[in-house]
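Report on one structure; see the data block that follows.
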């Protein structure tokens with residue numbers, strides 16, 4: 001687990017997300033509290049629970065990204081789900097325990113990648129031996145192998161085609177019990193049993209020497225790793241460091257005077273209660289306790305209110321942060337200050353065609369103005385509106401770029417208004433096009 005301070009986490013988030021200071025601080029503190037808990041001993045460590053977060057704000061203002069980025073920074077398993085995808089136990093659909101099973105799968109991938117890095121040097125040497133076997137045969141003399149090894153390391157053999165044998169991981173069929181989503185994971189794991197019964201199956205692949213290395217290094221790494229250790233570590237990481245982001249939680253809040261579907265929505269909330277507080281979920285790798293998993297929930301709450309959630313669920317989300325709608329200045333900063341801003345992306349994309357793009361300050365002002373106006377008059381979709389506007393403005397250049405190698409295009413306010421101004425003013429048209 002990383003030991004970044006809250007200030008460092010917020011500083012990292014500032015590179016990618018504009019504004020939303022309160023939400024950034026809440027997530028940064030929650031992440032730091034994870035590290036603090038790890039420093040405690042015995043009983044106190046067990047007693048310290050994460051303070052789950054409820055983010056309230058319109059779409060496109062950074063809720064998901066504020067949750068995802070710190071998880072990536074900490075190397076923690078992160079899963080994003082939408083509350084509306086789940087149904088009450090007993091109904092057709094996914095049950096909420098699938099969230100934890102997905103989290104464990106992600107944790108296993110993370111741990112395996114980390115362990116592969118530890119054995120990469122040894123795996124690389126083993127992969128080199130297998131490439132030599134494919135090139136000169138296993139019975140070749142040491143002198144011949146050394147001669148080819150030098151050529152290999154100098155890159156002289158990169159384009160030569162060889163045949164390699166690799167593990168056939170996709171050989172076993174995956175069984176699922178009809179009407180019981182996830183049952184193949186928790187109850188029966190016929191796929192694993194069949195895989196073991198059939199032994200380590202391999203398949204032959206034809207590839208170039210250069211392309212064979214990543215495949216063989218992965219194959220050799222897996223041979224050097226203890227899979228049981230990976231699973232145990234992944235279960236621990238899921239329990240102690242896992243982050244679950246549940247979006248659209250407002251859609252399962254029972255609205256006053258509602259009926260029918262409200263029963264099922266309330267059922268999903270009741271199923272979430274034990275998950276968010278403390279339960280043990282059975283996965284095919286073993287049981288996972290959820291009491292130290294951090295849950296971050298979010299919703300726009302346009303129609304319903306946070307108080308429409310079940311009181312018990314509200315109590316399990318003690319930290320509330322409100323995210324503000326984006327202003328004109330926010331849009332300007334999103335276009336110019338973020339690490340991989342849309343403007344930087346389009347400039348880089350056009351450079352691949354040897355076309356140069358330049359944006360004037362008044363063009364950025366015009367783009368921000370149009371995005372704000374459209375969000376106000378059509379539908380507020382936050383920063384995502386900029387993608388639609390930029391795509392419309394640069395449509396002609398993107399289409400003709402292959403024929404304009406060496407050209408320079410200067411995007412100014414006049415160009416932006418020429419391409420989009422009329423559409424933005426015509427509300428009926430902009431509803432369909434922007």
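Glycine is no exception: its Cβ is also placed from the backbone N, Cα and C atoms.
For the ATP site that Swiss-Prot gives as 18, 60, 61, 62, 63, 64, 65, 312, 384, the extra residue drawn from 118, 247, 250, 271 is 247.
Cβ neighbour count for residue 65 (ATP binding site): 14 (other Cβ atoms within 10 Å of its Cβ, all protein chains included).
Mapped onto three states, the DSSP output places residue 63 (ATP binding site) in helix. Cβ neighbour counts within 10 Å, taken over all protein chains shown, single out 61 as the most crowded of the binding-site residues 18, 61.
For residue 63 (ATP binding site), applying a Cβ distance below 8 Å and a minimum sequence separation of six or more within one chain yields 23, 55, 57, 247, 298, 323. Across 18, 60, 61, 62, 63, 64, 65, 247, 312, 384, which the record gives as binding ATP, the greatest C-alpha separation is 34 Å. Under DSSP, residue 18 (ATP binding site) is assigned to coil, being neither helix nor strand in the three-state scheme.
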